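As recorded in Swiss-Prot:
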type	residues	note
DOMAIN	1-72	domain 'Carrier'
MOD_RES	Ser32	O-(pantetheine 4'-phosphoryl)serine
Amino acid sequence: MAIKEWIITQLSKLTKNKITEESLFSEIGIDSLDLVEHVSDLEQHFDIEISDEELLNIKKVNDIIVLIEQKSK
């Protein structure tokens, strides 16, 4: 499964809202605590580290997709 699909599938478990790459976390009902918990899962799944500074810059689903794609190379 590609990174984008995996992330959207995982995020879909946290909300009933439809999730797309352009979805803002604030609009789909995922708060900062949910995001921190999810990032921990992402770090383990993709064997990467996401810094607190990088986490603060994540506002929409595509932000995290791009970040993980960059770190997975």
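Yeah, the Cβs are placed from backbone N, Cα and C, and that goes for glycine too.
The number of other Cβ atoms within 10 Å of the Cβ belonging to Ser32 (O-(pantetheine 4'-phosphoryl)serine), over all protein chains shown, comes to 12. With helix defined as DSSP H, G or I and strand as E or B, the domain 'Carrier' (1-72) counts 41 helix, 2 strand, 29 coil. Per-residue pLDDT, averaged over the domain 'Carrier' (1-72), rounds to 91.
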